[in-house]
Amino acid sequence: MSHRPVPRLFLIRHGQTEWSQNGRHTGRSDIPLTRKGEEIILSHNKQIIGDDKLIKPTNLTHVLVSPRQRAQKTFHLLFSSLPADCMPAYTTTEDVREWDYGEYEGLTTPQITETRPGWDIWNDGCPGGESPEDITRRIDRVIAQIHEWHREWYEEGKGRRDCMIVAHAHILRSLVSRWVEFPIKLGTHFNIEPAGVTILTYNHSSLAEPALIALNLFANHDV
């Protein structure tokens, strides 16, 4: 057993957008945060980020951020209380972008089910976009990389303890489900709130036992 602290993966959903407020599926569309969304993230940064806070910047070894501006802005606001030279390095990657909703982009679930009764994204996916199988393959690749970074830290002392992903609701719900080795369709049972913090780690100090230990910390359930 390693003498090092068990590594963690922090998941941050971007803050409120106009489309997240009214339930429109927002995948490829590059929608900005609302003013309230920005204010909530700013209120979080001194609560969450710091040497004596939940997320210690010097513990972060890899940070993955979706290329959509709502995720990029969330990341920068979250760390905005730090001096510029203390900002963690990050990678912008399509690997953690939102589910591609294809023909259903911008629609609400009631609008979709008007023409396709019984539609469920977790089973049916989106025509012209991604299927559950597509998302499973994409997320499993991300998880495999995170596991390797965690292994390097825990077993070899390379890098640092923690990783972070700043992304979107459906992709993070999918990631939680796959992290604990559930089928992706069980992601329907994990609600990821705007601006909330979710923590994934491992049970019994064993990298063979991936676990969920916290969901939606600091989330504002009114948004």
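Each residue, glycine too, has its Cβ placed from N, Cα and C.
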Of the candidates ARG70, ARG137, ARG141, the one that TrEMBL places in the substrate site of THR26, GLY27, GLU98, TRP99, ASP100, TYR101: ARG70
For GLY27 (substrate binding site), nearby residues of its own chain (Cβ under 8 Å, 6 or more apart in sequence): ARG97, GLU98, TRP99, ASP100, TYR101, GLU105, GLY129
Which same-chain residues, if any, lie at least 6 apart from HIS14 (active site, tele-phosphohistidine intermediate) yet have Cβ under 8 Å of it: LEU33, GLY37, SER66, ARG68, ARG70, ALA71, LYS73, THR74, VAL166, ALA167, HIS168, PRO194, ALA195
Recorded substrate binding residues, THR26, GLY27, ARG70, GLU98, TRP99, ASP100, TYR101 - maximal Cα separation rounded to whole Å: 17
Secondary-structure category, per DSSP, in which TRP99 (substrate binding site) falls: coil
Cβ neighbours within the same chain of THR26 (substrate binding site) - under 8 Å, at least six residues apart: THR17, TRP19, SER20, ARG70, GLU98, TYR101, GLU105, GLY106, HIS168
Residue with minimal Cβ packing [other Cβ atoms within 10 Å] among the binding-site residues GLU98, ASP100: ASP100
